[in-house]
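**Student:** Sending over a structure as structure tokens; questions will come in a sec.
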Amino acid sequence: MTPNPFRSAASNSGTPFTHKDAVPFKPVDWTGLYPPALPAKAVPEHVAVVMDGNGRWANARGLSRVEGHKAGEAALLDVVAGAIQIGVKHISVYAFSTENWKRSPDEVRFLMGFNRDVLHRRRDQLNDWGVRVRWAGRKPRLWASVINELQFAEKLTADNTVLTLTMCVNYGGRTEIADAVRALAEDVAAGRLKPSGITEKSIQRHLYTSALPDVDLFVRSSGEQRTSNFLLWQSAYAEMVFLDTLWPDFSRVDLWHAIELYAARNRRYGGAVDAPTA
């Protein structure tokens, strides 16, 4: 396995990662690896990623769960770089779910601070790559310092067009839909909207991710095969790819493999397959 320069030498060897080990800017193609040659129409426009397996990665090395989360930062940067290389325009990552509040107070406290620190540490790198950072999620319970970093990154990168990275922090798919429906109900109650005006399009406009296209490819690391309440509305017709690689070991090569699997599929959106002709 090629060492990941976004991870410290210590973390590559399995010892704990510390923030002072963060690596300076790297170009998108630092690995010398290049993506498979696919026609542009075969590349998904929007990829959703459930970054799973940090805890198992750490346990296998005798490290704490938080060390697994720290090691996952490198994988995120590498996957973003690989997405740029192959031509993906949107990538949405599940950074902290509304269900993650059920974890231990110590882990929740770490994850809040870690999300804030990753944004602070990597925003200039992402801006240098032409990445636009966006946030999807709820404000209630979220640390003010995390919200400030998300909003700062959004403002800093607002004019970038190479790729949009949506950080889903304090996000839940069911909550997103419930919030959208609640907003529509308030419009109806206030006389701004007729009940007949509630459509799929009007619900879409009230989602946190209203500006994003639907998900084409949904990828989950670690071998688990479930969506875990992530982008439920947006993934209605997404192709699902579940890979066994734990997130800290995930790389652009894994992303490219998922995209090759996606490219080989026939997306029918509920339509029938034409019978072969003689």
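Keep in mind that glycine also has a Cβ here, set from the backbone N, Cα and C atoms.
Summarising the annotation, TrEMBL assigns Mg(2+) binding site to Asp52, Glu239. Residues or ranges marked as active site by TrEMBL: Asp52. Annotation source TrEMBL lists substrate binding site at 53-57, Arg65, His69, 97-99, Trp101, Arg103, Arg220, 226-228. For Asn100, the entry in TrEMBL reads active site, proton acceptor.
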**Student:** Fewest other CB within 10 angstroms, which one of the binding-site residues Trp57, Trp101?
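**Tutor:** Comparing Cβ neighbour counts within 10 Å for the binding-site residues Trp57, Trp101 gives Trp101.
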**Student:** Out of Asp52, Asn100, Glu239, the recorded positions in the record, which is closest to Arg220 (substrate binding site) when you go by Cα distance?
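**Tutor:** Nearest in space to Arg220 (substrate binding site), counting only the recorded positions, is Asp52.
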**Student:** So which of the binding-site residues is most packed in, judged by how many other Cβ atoms lie within 10 Å of its Cβ, out of Asp52, Glu239?
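**Tutor:** Per the Cβ count, the most surrounded site is Asp52.
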**Student:** May I ask which residues of the same chain, at least 6 positions away in sequence, place their Cβ under 8 angstroms from the Cβ of Asn100 (active site, proton acceptor)?
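**Tutor:** In sequence order, the residues whose Cβ lies under 8 Å from that of Asn100 (active site, proton acceptor) (at least 6 apart) are Val108, Leu111.
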**Student:** Through the lens of DSSP with three states only, how would you label Arg220 (substrate binding site)?
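**Tutor:** The three-state answer is strand.
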**Student:** What does DSSP say about Asp52 (Mg(2+) binding site): helix, strand or coil?
**Tutor:** coil
**Student:** Round to the nearest Å and give the CA-to-CA distance linking Trp101 (substrate binding site) with Glu239 (Mg(2+) binding site).
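**Tutor:** Spelling it out, the Cα of Trp101 (substrate binding site) and the Cα of Glu239 (Mg(2+) binding site) are 29 Å apart.
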**Student:** Please report the three-state DSSP label of Glu239 (Mg(2+) binding site).
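**Tutor:** Reduced to three states, the DSSP call for Glu239 (Mg(2+) binding site) is strand.
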**Student:** Tell me the Cβ contacts of Thr98 (substrate binding site) under 8 Å, same chain only and six or more apart in sequence, or just say none.
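**Tutor:** Listed in sequence order: Arg138, Asn170, Tyr171, Gly172, Thr175, Asn229.
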**Student:** Out of Gly53, Gly55, which has the highest number of nearby Cβ atoms, where nearby means within 10 Å of its Cβ, if these are the binding-site residues?
**Tutor:** Gly53
**Student:** Rounded to an integer, what is the Cα-Cα distance in Å between Gly55 (substrate binding site) and Glu239 (Mg(2+) binding site)?
**Tutor:** 26
**Student:** Please list, in sequence order, the residues in the chain of Thr227 (substrate binding site) that are at least six apart in sequence and whose C-beta is under 8 Å away from its C-beta.
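**Tutor:** Within the chain, Thr227 (substrate binding site) has Cβ neighbours under 8 Å at Val50, Gly173, Phe218, Arg220, Ser235, Met240.
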**Student:** Provide the number of Cβ atoms within 10 Å of the Cβ of His69 (substrate binding site), excluding the reference atom itself.
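**Tutor:** Here the count is 23.
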